[in-house]
Every structure is written in structure tokens, then in C-alpha cells.
Amino acid sequence: MKLLILCLLYYTQLVICNVVSFTGKYSLHPKNLTIDDISRVDFRIYQIGNYTNKPFSQSTKVNSIDGLFTFNNLPLNRGNNVTTDFVIYSTSLDYNLKPVRILLTYTSWDDEANNHTVKAYSNFVGREYFPDKDIIFPDKLEELSMDPYLEVTYFNKAPYRLYYQERNEGILSTGIIGNILSSRWKTAGVITMILLIIFPYVVERLDPETSQLLREEVQRKQREKYQIQQ
């Protein structure tokens, strides 16, 4: 009985829908993609709007260092001038991507959905779905080029994702002090100068007799030097 129900559902899906594939491209131009780059980016697609059964969803990754990624078996509604809408989300662990959300509209031009066209639009926060056709002045979304592929790349003004951002920089990270501490050689030089300055005072505190002998030795050498010059 369960097998019969599954067969009927599958047959119903075939009658109502046709399936297609969609291919896009992930690019970090002018940088070439590496294995590490493509392993840290993901793409997801969700069917929205007009669907009969459970909305279609799928996740995919970049196939190779060419940057191509593919969604397979996207169901299209059959009928003349019938649309099927999807939304694509792109996420990366390293980069701020654009467009983050992509809206796809497939339009079928025959009863079998064999003749169809597809358009892509850049999406924004708060505009995750296509505007209702009954709205007189719907929001206009920017149409994206798909020649030869729909391209997803990084945001030029802020390419890298900042997981931690220091709001107020302290005195130790800016100015002269920050410049010194940013270089280990400058830091070592400053520490050496400080030690040379405070060393006599430390010795005098810890061992007054040794400090007195050191001062007498310095004075003796100065007197000998003065006598030699005369």
C-alpha cells in the first residue's frame, strides 16, 4: 500500500512538473581559486511561491577550481506562461559575497515546460520573495547577467568577513607606543635602555657595598684617563 502511494505521488510530480538544472560560477577574480577557497563556500536553493507539494530545497558546493556549482532536478511548473520561483543563498567563511541572495524566475511557454526561459535578480534584505503581481507599484529588482554563467563574487569594498572587530583602539595599539610595540626589535631596544637606566639603582638597593665599589672603580678610571691626557 505504501509503495502504491509513493508511486502515485511520484507520478503526480512528473505530471505537474518538469525538472531542469542550474549552473552558476563562484569567482574571486583576480585571485585564482584554491581547494581551500572552494571548500569554505556553500550554496543553497529554495523554491518559493507557486508549488504543489513540499517546496524544493537543495544544497551544493563548488565542483572544481573552475568555480562552477550546479543545482540539479529543479522542478518547473507546467503550463503556458507559468512561472516557478527559487531563491539562492550563498555563504562563505572568509568573504562577504555578492549577491548574497539571488532570485530565479523560470517561465514555461508550453504545457510540458520544455520551452522555458530563466531570469536572475539581485535580492536585498527584506525582499526575499518576488513582489505580488496584484501590487500596482512592485519593488524593482536588479536583473543579473547569466552570460555565460551567473557569477557570485566578493564584495569589493569589504571583501573579508570580520568575526572580531575592536571598536575603541587603546593607547597600546596606536601612536608612538603602538608603533614601538608592533615591532619586536623596537620593543627589545626600549627594554634594553630601560634596564641600563635602572640597573645601577637596583644594584644599590640590593648590595650597597658592591654599588660603592663600582662607583669607586668608575671614578678611578676617570682619574687615570684625566692624568694620561695631561
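Backbone N, Cα and C atoms are what each Cβ position is placed from, and that goes for glycine too.
Per Swiss-Prot, signal peptide is recorded for 1-17, and the stated evidence type is sequence analysis.
Look at Swiss-Prot and you will find 18-187 tagged as topological domain 'Lumenal', backed by sequence analysis.
For ASN32 (N-linked glycosylation site), the Cβ neighbour count at a 10 Å cut-off comes to 10, with all displayed protein chains included. What Swiss-Prot records for ASN32 (among others) is N-linked glycosylation site, and it gives sequence analysis as the kind of evidence.
Per Swiss-Prot, the feature N-linked glycosylation site maps to ASN50 (among others). A 10 Å cutoff on Cβ-Cβ distances gives ASN50 (N-linked glycosylation site) a total of 10 other Cβ atoms nearby, all chains included.
ASN81 (N-linked glycosylation site) falls within a strand when secondary structure is assigned with DSSP. Summarising the annotation, Swiss-Prot assigns N-linked glycosylation site to ASN81 (among others) and lists sequence analysis as the type of evidence.
The N-linked glycosylation site annotation in Swiss-Prot covers ASN115 (among others). Following the DSSP three-state reduction, the secondary structure of ASN115 (N-linked glycosylation site) is coil. Cβ neighbours within 10 Å of ASN115 (N-linked glycosylation site), excluding its own Cβ and spanning all shown chains: 11.
Under the heading transmembrane segment, Swiss-Prot lists 188-208, citing sequence analysis as support.
Residues or ranges marked as topological domain 'Cytoplasmic' in Swiss-Prot: 209-230. Cβ atoms under 8 Å from those of the topological domain 'Cytoplasmic' (209-230) belong to residues 200, 203 of the same chain, restricted to positions at least 6 beyond its ends.
Put simply, ASN81 is the one of the glycosylation sites ASN32, ASN81, ASN115 whose Cα lies nearest to the Cα of ASN50 (N-linked glycosylation site). Within the chain, the transmembrane segment (188-208) has long-range Cβ neighbours (under 8 A, six or more residues past its boundaries) at 180, 214. Packing around ASN81 (N-linked glycosylation site) is summarised by its Cβ count: 8 other Cβ atoms lie within 10 angstroms of its Cβ, all protein chains included.
Sorting the topological domain 'Cytoplasmic' (209-230) by DSSP state (H, G, I as helix; E, B as strand; all else coil) yields 21 helix, 0 strand, 1 coil.
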